[in-house]
Amino acid sequence: MVKYKRILLKLSGESLMGNQGYGIDETRLNEYAEQIAELVKLGVQTGIVIGGGNIFRGLSGTGKGFDRVKGDQMGMLATVINSLALSSALKNQNIQARVFTAIRMEPVGEYYSKEKAIEALQKGEVAIISAGTGNPYFTTDTASALRAVETEAEIMLKGTRVDGVYSADPEKDPDAQKFDKISFAEVYTRNLRIMDLTATTLCQENNLPVLVFNMDQKGNLKKVLTGENIGTIVY
Ligand code: UDP
């Protein structure tokens with residue numbers, strides 16, 4: 001028995017670069033694909049949103065003199081590159097995946113709609129939903145919250161490099177404590193930056209819980225679905 005029937009997994013672009021400083025590390029990509037394949041084999045309907053920070057972030061462009069909107073569009077295209085890479089890695093695991101794009105660019109991907117994404121999920125295909133929200137000034141955390149709500153996912157799984165939410169930065173503060181559970185209200189009062197505020201508010205207002213967990217530890221994604229207590233649930 002799996003704990004959730006339909007999930008939305010958020011992967012940061014940065015984590016795809018592994019130990020490299022830039023781009024896509026194929027070892028890391030294949031590890032992620034293996035973990036995702038395990039979920040699909042358990043019958044979990046899996047939607048995925050990937051960031052683009054390993055290739056380009058809009059804000060970093062403004063420092064180089066780029067227009068913010070153009071920079072954000074470059075960032076959104078970066079998420080499409082990562083999504084294509086993941087879909088191809090999943091195919092190598094014999095998992096069917098479809099790439100949707102929030103900005104029209106057939107034949108690179110199908111133009112996203114809630115209906116098409118849900119249809120894919122119901123067929124057991126992984127729906128990789130790319131190009132963020134399609135709008136500048138948003139993040140892929142917000143895009144993943146939006147797609148999770150739209151596709152009626154039970155939970156958003158935020159795969160990170162840390163094993164959960166802490167009261168302070170565990171690398172700087174030896175007294176930092178990890179939460180097993182924390183409410184959105186407490187996240188605000190403690191000023192914990194798990195995601196940007198737009199994303200957090202969207203989750204809170206739509207009663208979408210978020211599980212923050214370490215995706216870089218092999219087998220963790222499956223553990224989440226089989227009900228092991230890992231990571232931190234934000235509710
Ligand atoms: N982006 C955007 N609108 C969106 C989602 C993303 O403009 O709806 C752009 C933005 O420039 C962002 C970049 O795409 O910096 C990459 O996304 P993000 O920084 O969220 O990636 P991550 O940090 O997860 O790698």
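A Cβ is built for glycine as well, from the same backbone N, Cα and C atoms used for every other residue.
Annotated domain 'Aspartate/glutamate/uridylate kinase' per TrEMBL: 5-214, in sequence order. Per TrEMBL, the feature ATP binding site maps to Lys10, Leu11, Ser12, Gly13, Gly53, Arg57, Thr160, Tyr166, Asp169. Residues or ranges marked as region 'Involved in allosteric activation by GTP' by TrEMBL: 18-23. Per TrEMBL, the feature UMP binding site maps to Gly52, Asp72, Thr133, Gly134, Asn135, Pro136, Tyr137, Phe138, Thr139, Thr140.
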With the ATP site defined by the record as Lys10, Leu11, Ser12, Gly13, Gly53, Arg57, Thr160, Tyr166, Asp169, how many Å span the farthest pair of C-alpha atoms? 26
Determine the Cβ neighbour count for Asp169 (ATP binding site): the number of other Cβ atoms within 10 Å of its Cβ. 9
Near ligand 1 by the Cβ criterion (under 6 Å), the binding-site residues from Ser12, Thr133, Thr160 are Ser12, Thr133
Taking the Cβ of Thr133 (UMP binding site) as the reference point, list residues of the same chain whose Cβ is under 8 angstroms away and which are at least six residues distant in sequence. Ala102, Thr142, Ala143, Leu146
What is the maximum Cα to Cα distance, in Å and rounded to a whole number, among the residues Gly52, Asp72, Thr133, Gly134, Asn135, Pro136, Tyr137, Phe138, Thr139, Thr140 annotated as binding UMP? 14
Tyr137 (UMP binding site) to Ser12 (ATP binding site) - Cα separation in whole Å: 17
Whole-number Å distance between the CA of Lys10 (ATP binding site) and the CA of Gly52 (UMP binding site)? 12
